[in-house]
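J.: Grabbed the feature section from TrEMBL, which reads as follows:
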type	residues	note
TRANSMEM	56-75	transmembrane segment
TRANSMEM	87-109	transmembrane segment
TRANSMEM	121-141	transmembrane segment
TRANSMEM	183-200	transmembrane segment
TRANSMEM	207-229	transmembrane segment
TRANSMEM	249-268	transmembrane segment
TRANSMEM	288-308	transmembrane segment
TRANSMEM	388-406	transmembrane segment
TRANSMEM	412-433	transmembrane segment
TRANSMEM	445-468	transmembrane segment
TRANSMEM	504-526	transmembrane segment
DOMAIN	505-555	domain 'Cationic amino acid transporter C-terminal'
TRANSMEM	532-550	transmembrane segment
Amino acid sequence: METRASSFSSCRAYLRALAQTPARLARRAASVSTSYEEMSQVRARSGSDMIKSLRWYDLVGFGIGGMVGAGVFVTTGRASRLCSGPAVVISYAIAGLCALLSAFCYTEFAVDMPVAGGAFSYLRVTFGEFAAFITGANLVMDYVMSNAAVSRGFTAYLGTAIGVSTAKWRVTVTGLPKGFNEIDVVAVLVVLFVTLIICYSTRESSVVNMVLTGLHILFILFVIVIGFWKGDWKNFTEPADPTHHPSGFFPYGASGIFNGAAMVYLSYIGYDAVSTMAEEVHDPVKDIPIGVSGSVIIVTVLYCLMAASMSKLLPYDLIDAEAPFSAAFSGKSDGWKWASNVIGVGASFGILTSLLVAMLGQARYMCVIGRSRVVPAWFAKVHPRTSTPVNASAFLGIFTALIALFTDLNVLLNLVSIGTLFVFYMVANAVIYRRYVAVGTTNPWPTLSFLCSFSFTSIMFTLVWQFAPPGKPKAVMLGASALIAFAMLQIFRCTVPLVRKPEFWGVPFMPWIPSISIFLNIFLLGSLDGPSYARFGFFSGLAVLVYVFYSVHASFDAEGEGSLSVKNGEIHMEPTDQEISSRDNSLKV
């Protein structure tokens with residue numbers, strides 16, 4: 001070791017640490033841990049353990065609550081009006097399949113390594129500390145920003161439900177710049193209330209989520225039933241203005257369906273928070289696959305029925321892109337205007353459930369990042385009485401409340417989704433890498449070469465899809481890109497042997513399913529706008545600075561104290577059969 005003194009003990013010590021930054025980066029950035037370490041000494045850094053109190057139905061409830069938020073009440077209208085038309089039902093089915101493929105990748109990691117770190121831990125055991133920190137930092141920031149926006153959205157939907165203007169709930173401060181001058185006390189109170197719930201108990205949080213999610217599903221079923229009852233089947237094929245809008249169930253063809261799928265996929269973001277609760281699951285081997293995959297399947301069915309209900313209620317060219325369901329009812333003159341208020345109540349419940357699940361997830365991400373020592377270890381502490389990460393929950397809750405108080409964040413859709421889609425992409429890559437590479441014993445370059453080449457081909461396909469003008473040349477380029485990707489996948493499958501086979505649950509049809517997930521996530525990333533990438537680049541750059549000026553030195557100090565190990569592509573000992581058996585028995589408590 002270069003030194004055992006703390007890098008932050010004095011100004012001189014910190015300057016000396018900065019001078020050693022290149023060497024410390026070389027040592028720590030690519031350093032990986034093992035699943036056995038994450039399950040044992042890493043988890044022990046939190047002090048008290050989180051209680052294993054959740055079962056599969058709790059996870060299903062958390063998954064549904066996290067996904068079925070207010071977003072579906074917006075994205076359905078935008079996708080139908082602008083992209084898919086009545087075929088938005090097919091768009092939701094395609095997006096649900098994409099979400100299920102990503103959920104499979106999460107599930108394999110969560111069953112093998114049931115810890116609270118989610119994607120951060122998965123990437124740390126495959127691609128190392130730096131990649132895990134960048135993705136984890138973006139995820140936490142995405143959670144905080146979206147939760148602040150969602151809490152302010154609660155004020156708007158609550159106003160709609162009870163017939164009170166949003167302006168009456170907020171106080172305008174003339175001395176502050178526009179966008180930061182509307183004080184929303186209701187949003188702050190909602191965030192602080194949810195923070196108290198998640199600090200108190202995960203078990204009680206699940207009960208609250210179950211109640212709110214059940215009420216929200218009742219409102220969704222109300223929308224579905226009324227839509228099918230009051231709607232007309234001819235709206236599936238006939239627009240209101242056939243002169244200016246194409247007719248048929250597929251008015252914009254295949255491209256419209258896939259563009260619509262990219263837009264509505266944002267409604268599925270939220271199931272990843274379920275994986276962060278793996279440490280609190282009673283039987284991870286059984287409960288996690290059912291909880292994660294089951295929630296995605298149920299939500300897909302609900303979304304398809306909602307989309308069909310809306311398409312039956314109105315011709316697609318009359319659908320309000322911003323508030324399709326409430327606008328459809330409020331515009332009626334036959335006594336159904338009250339239904340708009342009911343939808344506002346349902347959306348309010350959806351906001352509360354999505355906020356609860358997201359805040360549970362963000363606290364557990366921060367807790368495990370603290371265990372890795374790349375942020376202060378204070379965040380890793382689990383309270384001995386509540387068995388929850390109180391420090392991380394309280395800090396992020398107060399931070400979220402402060403942002404929600406002043407800032408009108410319009411980041412609920414594209415600006416937040418890019419970070420999450422990037423993490424989905426990274427987890428799919430990590431599943432393949434972990435199946436085909438044993439650190440220190442196999443050559444990683446064939447697998448890395450395949451992953452890079454496949455991603456590049458997927459990017460080329462996406463660029464051609466987005467920017468090439470319609471016609472035969474575009475079809476030829478798309479076909480060539482797909483053929484090249486298929487050939488690379490088949491060659492890799494036949495030439496590179498598997499080195500790891502999950503004992504309990506693994507992604508089927510390896511490497512096809514995670515490779516398709518990689519392609520689909522890149523394709524969906526290609527549908528996002530420029531500001532999304534600007535935000536992602538800004539926060540990624542900020543995370544790099546934090547890592548260089550703080551995190552790498554903190555983890556280097558922890559390594560010197562014996563708290564962290566370093567495995568930088570070197571040969572290292574895997575856990576013994578006895579250790580694996582001991583760990584497996586602990587999972588089956």
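Yeah, the Cβs are placed from backbone N, Cα and C, and that goes for glycine too.
Any TrEMBL annotation is an automated prediction that lacks curation.
Walk me through the surroundings of each of these features.
T.: Tertiary proximity for the transmembrane segment (56-75) is limited to same-chain residues at least six positions away from its ends with a CB under 8 Å from its CB atoms, namely 150, 153, 157, 206, 209-210, 212-213, 216-217, 220, 263-264, 266-271, 273-274, 277, 281, 286-288, 290-292, 294-296, 298-299, 302-303, 306, 322-326, 343, 347, 350-351, 353-358, 360-361, 412-413.
Sequence-distant neighbours of the transmembrane segment (207-229) (same chain, 6+ residues past either end, Cβ-Cβ under 8 Å): 58, 61-62, 64-65, 68, 197, 302, 305-306, 308-310, 312-313, 325, 329, 336, 339, 342-343, 345-347, 349-350, 352-353, 356-357.
Within the chain, the transmembrane segment (388-406) has long-range Cβ neighbours (under 8 A, six or more residues past its boundaries) at 46, 50, 116, 140, 143-145, 147-149, 151-152, 176, 180-185, 187-188, 191-192, 194-195, 198-202, 359, 362-364, 366-367, 370, 378-382.
Here the transmembrane segment (445-468) has long-range neighbours at 255, 258, 429, 432-433, 436-437, 474, 477-478, 481-482, 484-485, 488-489, 492, 495-496, 515, 518-519, 522-523, 525-527, meaning same-chain residues at least 6 beyond its ends whose C-beta is under 8 angstroms from one of its own.
Looking only at the domain 'Cationic amino acid transporter C-terminal' (505-555), the predicted model's pLDDT averages out at 88.
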J.: Could you name the stretch, out of 87-109, 183-200, 249-268, with the greatest number of CB pairs under 8 A to the transmembrane segment (288-308)?
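T.: Going through each listed stretch, the top one turns out to be 87-109.
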